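See below for the structure under consideration.
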Amino acid sequence: MTLESIMACCLSEEAKEARRINDEIERQLRRDKRDARRELKLLLLGTGESGKSTFIKQMRIIHGSGYSDEDKRGFTKLVYQNIFTAMQAMIRAMDTLKIPYKYEHNKAHAQLVREVDVEKVSAFENPYVDAIKSLWNDPGIQECYDRRREYQLSDSTKYYLNDLDRVADPSYLPTQQDVLRVRVPTTGIIEYPFDLQSVIFRMVDVGGQRSERRKWIHCFENVTSIMFLVALSEYDQVLVESDNENRMEESKALFRTIITYPWFQNSSVILFLNKKDLLEEKIMYSHLVDYFPEYDGPQRDAQAAREFILKMFVDLNPDSDKIIYSHFTCATDTENIRFVFAAVKDTILQLNLKEYNLV
């Protein structure tokens, strides 16, 4: 074999290798492009305590790995802290609302619980268990609980305080429902990616309190869908940050802002009217018309109330071509969220994947 033919052979091998590398790069670029299409970004928005974090927990239960016993154990301290936080809020409100304790001994119990530094709570033992039990059974505290719209109290208060014996058991392990009910204000941004039908859904939860909202802005690129949560039960409540502003008015103002943002022009909007279970309870004694005088429907009618609230939000949409998809939800009810999210997923996939022939 001559030198020339050996060189030609080597060259063609090199050329082949170069072409192979080039083809591989092209293939990878095509793959990346396709994968980018297959990742859908869902932005969870809504005011503080509307249920966004609970919704993410449900995605982990329904479409992810769920919560192992070890994971659940990690919530034990938070459950204890939620109980102390709730009782302290009611003890403070007893003073503010000038409600007396029915039983004299509960004043000492209140003092004991009031002095606890909640951040440092890591156990739930006596004398605190008995003190909190005794306080919860005091008619004064029960009256204070009934007036909770006048101050800030977690929605999970009754759930935990009605189950103190179980939580106080030394072998207590939080249940899935306990995990769903734990309240930890979201600071910063939480992302939860999960895989469905070879499509990655990346759900992004941002803090709802006003101080957290300035951090949202960089989440707004390439958003497939806005999922906006409203707590139906907030029609008679005031804001954490400002006690003379109605929470639902704040939620409406935020929704109006979000749906008119120019960078959401191509994002679908899904409205979750959440906490429908709490609305059903509350509507029996707290009348919608007292807070929204334009309501002219029947009193004590949860169905009429929620339809009115839905219409209030849908009417904020200035673009008649843009459909707002809506669902009534209870974020702590796994079966309800499983059912609702199946419908939402179909909506999102149909709207966004038709053009890529992936459905």
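Backbone N, Cα and C atoms are what each Cβ position is placed from, and that goes for glycine too.
Small disclaimer: the values here were computed from a predicted structure and weren't measured.
Residues annotated as GTP binding site in Swiss-Prot, with a large-scale study or a structure entry given as evidence: Ser50, Gly51, Lys52, Ser53, Thr54, Ser156, Leu180, Arg181, Arg183, Asn274, Lys275, Asp277, Ala331. Neighbour density for Thr54 (GTP binding site): within 10 A of its CB lie 26 other CB atoms from the protein chains shown.
A helical conformation is recorded for Ser53 (Mg(2+) binding site) in the three-state DSSP classification. Per Swiss-Prot, the feature Mg(2+) binding site maps to Ser53, Thr186.
Model confidence over the domain 'G-alpha' (38-359) is summarised by a mean pLDDT of 92. According to Swiss-Prot, the feature domain 'G-alpha' maps to 38-359.
Here Swiss-Prot flags Cys9 (among others) as S-palmitoyl cysteine.
The S-palmitoyl cysteine annotation in Swiss-Prot covers Cys10 (among others).
Below 8 angstroms of C-beta separation, residues 154-155, 180-181, 183-186, 190, 201-209, 212, 216, 219-220, 222-231, 234, 239-240, 247, 250-251, 254, 258, 267, 272, 274-275, 329, 331-332, 348 of the same chain, each at least six residues beyond the ends of the region 'G1 motif' (41-54), sit close to that stretch. As annotated by Swiss-Prot, region 'G1 motif' applies to 41-54, with the evidence given as sequence analysis.
Sequence annotations record features per position, and here Swiss-Prot assigns region 'G2 motif' to 178-186. Taking Cβ pairs closer than 8 Å, the region 'G2 motif' (178-186) reaches residues 48-49, 52-54, 57-58, 67, 71-72, 75, 78-79, 82, 85, 154-156, 159-160, 167, 205-209, 212, 331-332, 334 in its own chain, all 6 or more past its ends.
For 201-210, the entry in Swiss-Prot reads region 'G3 motif'.
Among the features that Swiss-Prot reports, region 'G4 motif' is placed at 270-277, with the record citing sequence analysis. Within the same chain, residues 46, 50-51, 55, 155, 225-234, 255, 302, 306, 309-310, 313-314, 324-333, 340, 344, 347-348 sit at least 6 positions outside the region 'G4 motif' (270-277) and bring their C-beta atoms closer than 8 Å to a C-beta of that stretch.
For 329-334, the entry in Swiss-Prot reads region 'G5 motif'. Long-range neighbours of the region 'G5 motif' (329-334) within the same chain, counting only residues 6 or more positions beyond its ends whose Cβ lies under 8 Å from a Cβ of the stretch, are 51, 54-55, 58, 61-62, 176-177, 180-181, 229, 272-277, 340.
Set side by side, the binding-site residues Ser50, Ser53, Thr186 differ in how many other CB atoms lie within 10 angstroms of their CB, and the most is found at Ser50. Farthest C-alpha pair in the GTP-binding residues Ser50, Gly51, Lys52, Ser53, Thr54, Ser156, Leu180, Arg181, Arg183, Asn274, Lys275, Asp277, Ala331: 18 Å apart. Lys275 (GTP binding site) counts 26 other C-beta atoms within 10 Å of its own C-beta, drawing on all protein chains shown. A gap of 9 Å separates the Cα atoms of Ser53 (Mg(2+) binding site) and Leu180 (GTP binding site).
The two recorded residues Thr186 (Mg(2+) binding site) and Lys52 (GTP binding site) have their Cα atoms spaced 9 Å from each other. Comparing Cβ neighbour counts within 10 Å across the binding-site residues Lys52, Arg183, the minimum falls on Arg183.
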